[in-house]
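Copied over from TrEMBL, here are the features:
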ACT_SITE  E353  active site, proton donor
ACT_SITE  H384  active site
ACT_SITE  K512  active site
Amino acid sequence: MNFSEQPAFAALLDCKAQEQAITLSERFVQDKERFANFELPFGEHVKVDFSRQLWSNEVKDLLCELAEQMNLKPAIEQLFGENLFNHTEGRAALHTALRMPKTERVYLNNTDVVPLVHEQLERVKDFCQQIHSGQWLGYNGMSITDIVNIGIGGSDLGPAVVTEALHCYQDQGIRAHFVSNMDGAQLAQVLEQVNAERTLFIVSSKTFTTDETMTNAKAARAWFLSHCADEHHIKKHFVAVSTNSEAVQAFGIDTEQMFEFWDWVGGRFSLWSAIGLPIALTLGFERFEQLLNGAHAMDQHLRHTPFEQNIPVLMALLSIWNINVLGYRSEGVFPYCQDLKRFPSFLQQLNMESNGKSVNNQGEVVSHNTGPIVWGEVGTNGQHAFFQLLHQGSQVVPGDFIGFARTCYDYPEHHRKLLANMLAQAEAMAFGKNYEQVAQELAVEGLTADEITKLAPYKVMPGNRPSTTILCDELTPYNLGSLIAMYEHKTFVQGILWNINSFDQWGVELGKKLASRLIDDLADTGTTTAHDSATNGLIAQIKKWG
Ligand SMILES: O=P(O)(O)OC[C@H]1O[C@](O)(CO)[C@@H](O)[C@@H]1O
């Protein structure tokens, strides 16, 4: 049954008007302990403050009831065992097994997958040891200083985000570069920075058929051979991470140079597997393990915490409240942390590729809204770009503020100001500034009554705009693992509530197919007439100018 037919959802709709009649300012006045009542700890390093959401205990209870009615509890249990969540591709979703300790067991088709996971982790560990100790040498007998990860989507964003986010932990003498785009500019710019003798290319692709990755990998191989001209040396400079050993071999990489993962790991959930090789190489294997441990701790929290205190469950339920009841259809994410600059892009793939669906698990078109538009930017940059709309625009965008009490950079004044700005923005969104306050300020500035009447409306900030603040003590590998897993589970729980398959992505297929036809059309020197008039017209113009 769809969630919109559940009794708890009807009750949520019933209390909407009553909830909307109370502002956040009033809620904080009425309940002096509101922060204490709505903030939740995750272990000792993370606190999540839900007090600035437009909800009450009654709404929270109804949302938790809705989760019960949608059988969330058994669904969560299935995420840790044999399941068929990705039924349209006949696959399980078992990324939680990637961060399980050796002692746990997860059977899929009568095979325990945990030893498979640890076997690959051992290989990653061993490989890191060889690279870091200088045992693995390039074709000229020199050690590796640079790695170039060639992959896209989940085979790029996860390792790129984590590697960048943990910049302060990059102490292994390895620089990481990431090439994903079909625009050759990216590859060209990376190749300008590296030396073929000391560079390792990691070709990462679950399918090993993705056109961007294959095109970049072939070009990288040609570039490499233009420097050393001996195909035998490829094995010292190219490794692969994939589920498709045949395609890896066909590309010319021996399976001994291939790290394996499995079809039960979705691309956007794969950074915990050997797809995380760039993380382990730049930060060291132990840090990669800490990242996995942080994610595993969040898995335990999801599995064993009652819904009322369960952080990812509440994040998902709040998005149901904001999207399906209050009608706010986009979600902002604002890390006040320069090293998390690509986190919004990572979350876009995680959430929008997972929940950008409008057909339910029974094959019917859904009658309710599903995945929001997820977007964001690091603070304070976003403040000088789009925060105007957040404060005074005609649409309300709930946002997540993410901050860290400590920084590894020795700029304490910067950090204090950074955090002050984060707190200020959440406060301004929540409480705004009313007409009387604005008029009073303008009077103090010496404006006449007439001038105040004219200017004040433009300066009023409506406030009552919801946000969540996620505060961590520090951006460590462990905390980052927990944070990413928190958003993974939010995405999963949303999918269960919306009764959609969060693990397929058929929507990206048509564009890929059309592009492969258009590549031939662009190469053909004649006139193209096979498409609609717009496509034909643009092809003609490209050929004229190209
Ligand atoms: O790892 P692969 O197979 O190259 O796929 C890359 C990405 O392409 C997609 O299939 C579609 O964008 C993603 O789900 C995936 O992460």
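Using N, Cα and C of the backbone, Cβ positions are placed for all residues, glycine too.
A TrEMBL annotation is a machine prediction, not a hand-curated record.
Features recorded in TrEMBL, as mapped to the structure shown.
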| residue | record | DSSP class |
| --- | --- | --- |
| E353 | active site, proton donor | helix |
| H384 | active site | helix |
| K512 | active site | helix |
Number of other Cβ atoms within 10 Å of the Cβ of K512 (active site) across all protein chains: 12
Distance [Cα-Cα, Å, rounded] between K512 (active site) and E353 (active site, proton donor): 15
For the residue listed as 'active site, proton donor', nearby residues of its own chain (Cβ under 8 Å, 6 or more apart in sequence): G153, R268, Q505, V508
